[in-house]
Amino acid sequence: MNKVYDWFEERLEIQAIADDITSKYVPPHVNIFYCLGGITLTCFLIQFATGFAMTFYYKPTVAEAFASVQYIMNEVNFGWLIRSIHKWSASMMVLMMILHVFRVYLTGGFKKPRELTWVTGVVLAVITVSFGVTGYSLPWDQVGYWAVKIVSGIPAAIPVVGDQLVELMRGGESVGQATLTRFYSLHTFVLPWSIAVFMLMHFLMIRKQGISGPL
């Protein structure tokens, strides 16, 4: 085993990387409220794992979406547990994200030189809410359908481009299969990749600049 480790160590300097990660200075003023961002990340990882599991059974069509969700809940082994964890961790992720934003704001973590860290955090907050909006529609039940209809109709109030934005979101003049397909694509592909990119940027900035000091 040591020979295997030595082989990787010689090429990748694993120990130096581990020492850099574990030896980062933590200011004495840091308390449990500084863990809210990490908890949000943990919720996202749970979301990713449970969501990925459900993609094996979910069918993104207006005719089969609701039935496929019922199949997950009633027929798939531990499907009810996987979907329940997905649902509750989604709520927890939004709550922890909101508390994290408040903590950063109240402790002045957005001030120079951490403005870009704050900007990426705001983008992450928007993406998190977008996850909730798109995911809410996927069961395609009465609640999901009318939620999509209301949310996708909101841009209509924007002058000049409002109607075009509504049609872009819905994939047509009315809510239907094209809408569900777009929301499913956003929820399972576009938003996950987007949040991964901005999370990486966010964490690299935190790693570089460290945790902000006390007020």
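A Cβ is built for glycine as well, from the same backbone N, Cα and C atoms used for every other residue.
According to Swiss-Prot, the feature transmembrane segment maps to 32-52, 90-110, 116-136, 186-206. Sequence annotations record features per position, and here Swiss-Prot assigns heme c binding site to Cys35. For His86, His187, the entry in Swiss-Prot reads heme b 2 binding site. Summarising the annotation, Swiss-Prot assigns heme b 1 binding site to His100, His202 and lists sequence analysis as the type of evidence.
Within its own chain, the transmembrane segment (116-136) has Cβ neighbours under 8 Å at 40, 47, 90, 93-94, 97-98, 100-101, 104, 109-110, 143-144, 147-148, 151, 183-184, 186-187, 191, 194-195, 198-199, 201-202, 205-206, 209, counting only residues six or more beyond its boundaries. Only Cys35, of the binding-site residues Cys35, His86, His187, have a C-alpha within 10 angstroms of the C-alpha of His100 (heme b 1 binding site).
When the Cα atoms are compared, His86 (heme b 2 binding site) and His202 (heme b 1 binding site) turn out to be 24 Å apart. Taking all protein chains in view, 23 other C-beta atoms sit within 10 angstroms of the C-beta of His100 (heme b 1 binding site).
A straight line from the CA of the residue listed as 'heme c binding site' to the CA of His202 (heme b 1 binding site) spans 15 Å.
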